[in-house]
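K.L.:
Pasting in a structure now, in structure tokens, and then I'll have a few things to ask.
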Amino acid sequence: MSNKKTFKKYSRVAGLLTVALIIGNLVTANAESNKQNTASTETTTTNEQPKPESSELTIEKAGQKMDDMLNSNDMIKLAPKEMPLESAEKEEKKSEDKKKSEEDHTEEINDKIYSLNYNELEVLAKNGETIENFVPKEGVKKADKFIVIERKKKNINTTPVDISIIDSVTDRTYPAALQLANKGFTENKPDAVVTKRNPQKIHIDLPGMGDKATVEVNDPTYANVSTAIDNLVNQWHDNYSGGNTLPARTQYTESMVYSKSQIEAALNVNSKILDGTLGIDFKSISKGEKKVMIAAYKQIFYTVSANLPNNPADVFDKSVTFKDLQRKGVSNEAPPLFVSNVAYGRTVFVKLETSSKSNDVEAAFSAALKGTDVKTNGKYSDILENSSFTAVVLGGDAAEHNKVVTKDFDVIRNVIKDNATFSRKNPAYPISYTSVFLKNNKIAGVNNRTEYVETTSTEYTSGKINLSHQGAYVAQYEILWDEINYDDKGKEVITKRRWDNNWYSKTSPFSTVIPLGANSRNIRIMARECTGLAWEWWRKVIDERDVKLSKEINVNISGSTLSPYGSITYK
């Protein structure tokens with residue numbers, strides 16, 4: 001109770017002090033007013049008794065009121081002036097932001113990124129297909145043909161360091177861009193790390209520019225870096241090109257196509273891009289109905305490089321914290337990457353496709369791509385005459401040769417040669433890039449591992465054996481062969497076949513035709529003649545155990561009993 005009275009007393013005192021302050025202000029104001037009227041007052045009141053001033057009356061009344069309030073039990077309520085809460089929070093946040101921007105987190109960034117624990121090969125591992133079940137061999141009969149489709153399980157493991165650029169990722173694959181080393185990166189869909197950055201120097205390797213080839217970009221965003229590169233290129237055209245064109249540096253790779261994951265690993269390009277532009281029929285390839293080769297020509301006009309940082313924090317504004325980077329996805333499982341260089345030029349993809357079942361298809365395609373004159377090679381020439389070719393150009397003056405489909409490979413050669421020089425009319429296009437780990441500047445190579453089924457098809461044509469006996473003796477034949485088929489598990493099924501007239505005696509002249517199916521193998525031809533000699537009644541004239549299947553196998557025997565002659569020729 002005493003505490004309550006004490007509190008009331010002090011509340012009254014506080015209230016009275018406030019009132020006193022207000023009265024003091026009023027008194028001061030009255031005093032000023034009285035001063036101004038002093039002269040007139042003195043003139044009119046010289047013979048009158050002085051009256052108390054109004055300010056004195058006010059003070060007297062206020063003092064009496066204060067005494068009454070001190071002796072009262074009533075609470076004095078003060079209404080404090082309220083500040084808007086929203087305004088206060090804004091001021092507080094503004095203050096915090098300013099403080100944060102002035103803080104230097106360089107050491108923290110370096111320590112945290114250097115302490116990230118990861119395996120470069122594992123975080124960028126791309127595991128493609130795993131092959132478990134497949135039919136190793138399959139036989140298909142078509143009219144007088146027998147097609148053997150053979151499948152073999154293969155592995156491919158590549159670690160390319162230059163990654164193909166597609167339109168959808170150019171805004172996150174520019175020089176000095178920051179990325180995450182995660183699954184998206186391995187699939188050519190990198191995740192960008194966007195945050196406040198320090199200025200960044202970039203360099204273009206166009207000849208003759210000297211120191212002018214290096215510029216500093218204050219805020220290295222995609223837009224700012226692209227503008228800086230455009231300015232450098234225009235500067236080269238205006239001042240250093242001498243009106244001359246710049247020949248491209250060409251990189252060339254080729255591979256037969258067996259599966260999507262295999263061609264991605266072999267050429268380091270997204271199979272969706274190839275499929276969308278070239279129209280690869282993977283289904284027909286897996287069935288052995290088509291054979292396809294893809295060649296990729298990278299024609300590089302120039303490369304733009306970003307200066308590598310000495311320490312990870314060099315690329316960030318000092319206000320950036322490691323928590324900021326964590327919110328962007330940086331972790332042990334997804335360490336940060338830095339795009340160190342980008343190659344600009346154009347890419348030409350060429351598809352060579354045939355339905356030929358020849359085992360020389362790959363060799364014929366390679367010879368054509370390398371510019372070898374295949375017309376002198378009958379086998380290669382036949383394959384190319386029954387092939388189609390498609391070329392797609394990305395970059396440069398692509399409008400001229402956007403997509404070309406032809407039966408004449410010379411047209412494809414012209415597409416590759418045309419516009420292979422850099423000029424204003426034939427501009428460069430970002431075609432590939434290389435990234436490094438921000439922690440140590442090690443090159444980030446995608447570790448492609450995939451299994452695939454290599455499908456080859458061999459076509460066999462039915463044939464026949466032409467027997468001709470012109471010898472002066474009695475002859476006998478033994479004709480044997482196997483017919484090959486495959487069950488639904490790909491296991492070879494062999495059926496033994498023989499000529500119905502084996503071991504029957506034949507006198508000259510004699511001739512007949514024995515038809516052979518397209519699936520005939522292991523052909524054996526034996527012919528013998530009767531000598532009439534007691535110690536050698538039968539003598540072999542022909543005994544061939546590995547006769548190859550041909551359209552016509554001509555077996556001729558002639559001569560006498562003591563001097564027989566035999567031959568096998570093919571047609």
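A Cβ is built for glycine as well, from the same backbone N, Cα and C atoms used for every other residue.
Straight out of Swiss-Prot:
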type	residues	note
COMPBIAS	37-48	compositional bias 'Low complexity'
REGION	32-56	region 'Disordered'
REGION	81-108	region 'Disordered'
MOTIF	529-539	motif 'Conserved undecapeptide'
SIGNAL	1-33	signal peptide
TRANSMEM	260-273	transmembrane segment
TRANSMEM	280-289	transmembrane segment
TRANSMEM	358-367	transmembrane segment
TRANSMEM	375-387	transmembrane segment
K.L.:
Residue list, the transmembrane segment (280-289) vs rest of chain: Cβ under 8 Å, 6 or more residues beyond ends.
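P.N.:
Apart from its flanks, the transmembrane segment (280-289) reaches 138, 147, 149, 257-260, 263, 271, 274, 351, 355, 357, 453, 455-457.
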K.L.:
How many of the residues that make up the motif 'Conserved undecapeptide' (529-539) does DSSP mark as helix, as strand and as coil?
P.N.:
0 helix, 9 strand, 2 coil
K.L.:
For the transmembrane segment (358-367), find every same-chain residue at least 6 residues outside the stretch whose CB is under 8 Å from a CB in it, and list them.
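P.N.:
Residues packing against the transmembrane segment (358-367) from afar: 254, 256, 291, 293, 352, 374, 377, 379-380, 382-384, 387, 456, 458-459.
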K.L.:
Please indicate, using numbers and ranges, the residues of the same chain that are 6 or more beyond the transmembrane segment (260-273) and have a C-beta under 8 Å from a C-beta there.
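P.N.:
Residues packing against the transmembrane segment (260-273) from afar: 128-129, 154, 156-158, 160, 162-164, 166, 187-188, 253, 280, 282, 294, 296, 446, 448-450, 452.
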K.L.:
Against which stretches of its own chain does the transmembrane segment (375-387) lie, if we need a Cβ under 8 Å and a gap of at least six residues from its ends?
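P.N.:
Residues packing against the transmembrane segment (375-387) from afar: 352-356, 358, 360-361, 363-365, 367-368, 407, 409.
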